[in-house]
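Per TrEMBL, these features apply:
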ACT_SITE  96  active site, proton donor/acceptor
ACT_SITE  270  active site, proton donor/acceptor
BINDING   15, 75  substrate binding site
BINDING   134, 198, 203, 220, 239, 240, 267, 268, 269, 270, 298, 299, 300, 301  NAD(+) binding site
DOMAIN    4-137  domain 'Alanine dehydrogenase/pyridine nucleotide transhydrogenase N-terminal'
Ligand SMILES: NC(=O)c1ccc[n+]([C@@H]2O[C@H](COP(=O)([O-])OP(=O)(O)OC[C@H]3O[C@@H](n4cnc5c(N)ncnc54)[C@H](O)[C@@H]3O)[C@@H](O)[C@H]2O)c1
């Protein structure tokens, strides 16, 4: 198969959909890989590394789209790319269709085949191509929180791990899923006194089993949250109710009960946030202060660490890309139900029900395309 990897053109996006190592794996299997000039640069992969891996470099985005049977990307196509996408071309990338109607309509019109990273789903309901970004954001949440706890940045001036003779900082994590667990490992590793809250008792049991001694677990409810926010230095929002807006677990009135210089990192901000006062911020201007409480609410945290994020994402996408390249999208989706669930739009038909419902558009069950 001919695979094209364009350079990401969305503002501040430095990730790339394929590493030189990934290109090598595809080339080894007999595929032709074309990388747009400088596509990997933002992640630390110059053109020469791709050439050494057996890929070819194309000078422009137009040439990359023109030649490819499968386009591998990171972010959803933006308007300037719509016209480059061809009929029958396989687009393997994040789309998040339900949040943006113009993109959905453009992809319907393109008659391409859109396989969305975010809806590839395993039998246990986990989303293997979203997990890596949650891992990055969870770990980063503690790094950022520790930083903003420093006095010159508005924080309480407390060192996360303390020092001998001085108690460590207290970290409260709301939600013990992927983000919360990774945050807990980082905070615990730095020596903080950590509490994870979740509603899911089996999950709390699991966390209590695997976490080190400086991590406690607690049932998530308003009573417990109100009590703990009064003496915790760093609070990380990491809850998710799939398909719904995050619940406001910390409300405006609660800020007054916190210590001045408390830091809130609401990782769930991309789902509306679990802290009422959190509004999306950017890496350029990541924080704001309300009632002496520092709010960090960057909606695309992994974008700040493109090297790690690119490697983490491609570790997860490559096995699927290889199946798609070896078999073509139809046979790959027939053989692997995880990939079949990734199909969102085929030849102008919306084949993912939630996307069709989001815009009151016609829905075509994907079996229409997968039946022999
Ligand atoms: N800001 C970013 O850059 C960024 C990056 C990656 C992920 N995220 C977001 O982080 C959030 C968490 O993602 P995840 O992968 O960890 O999800 P997850 O499904 O693995 O975990 C969510 C956890 O929240 C728990 N939960 C639900 N309601 C709760 C409540 N009321 N109190 C306490 N816990 C509750 C669930 O039981 C679950 O364990 C999502 O909104 C995700 O989109 C943001």
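Glycine is treated like the rest: Cβ placed from N, Cα and C.
TrEMBL entries are annotated by machine, without manual review.
Features as recorded by TrEMBL, highlighted on the structure.
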residue	record	DSSP class
15	substrate binding site	coil
75	substrate binding site	coil
96	active site, proton donor/acceptor	coil
134	NAD(+) binding site	helix
203	NAD(+) binding site	helix
239	NAD(+) binding site	coil
267	NAD(+) binding site	helix
298	NAD(+) binding site	strand
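The binding-site residues under consideration are 134, 300. Their Cβ neighbour counts within 10 Å are lowest for 300. Long-range neighbours of residue 239 (NAD(+) binding site) (same chain, six or more residues apart, CB within less than 8 Å of its CB): 174, 175, 177, 220, 246, 247, 249, 268, 274. Across the structure, residue 300 (NAD(+) binding site) and residue 270 (active site, proton donor/acceptor) are spaced 8 Å apart at their Cα atoms. Nearest in space to residue 270 (active site, proton donor/acceptor), taking C-alpha to C-alpha distance over the binding-site residues 15, 134, 203, 298, is 298. The recorded positions near ligand 1, defined by a Cβ under 6 Å from one of its atoms, are 239, 270, 300, chosen from 15, 239, 270, 300. When the Cα atoms are compared, residue 203 (NAD(+) binding site) and residue 75 (substrate binding site) turn out to be 31 Å apart. Summarising the NAD(+) site geometry, the residues cited as binding it (134, 198, 203, 220, 239, 240, 267, 268, 269, 270, 298, 299, 300, 301) extend over a maximum Cα to Cα distance of 27 Å. Distance between Cα atoms for residue 298 (NAD(+) binding site) and residue 75 (substrate binding site): 17 Å, as a whole number. It is 15 that, of the recorded positions 15, 96, 203, has its Cβ surrounded by the most other Cβ atoms within 10 Å.
Proximity to residue 75 (substrate binding site), judged by a C-alpha distance within 10 Å, picks out none of the binding-site residues 134, 267, 269.
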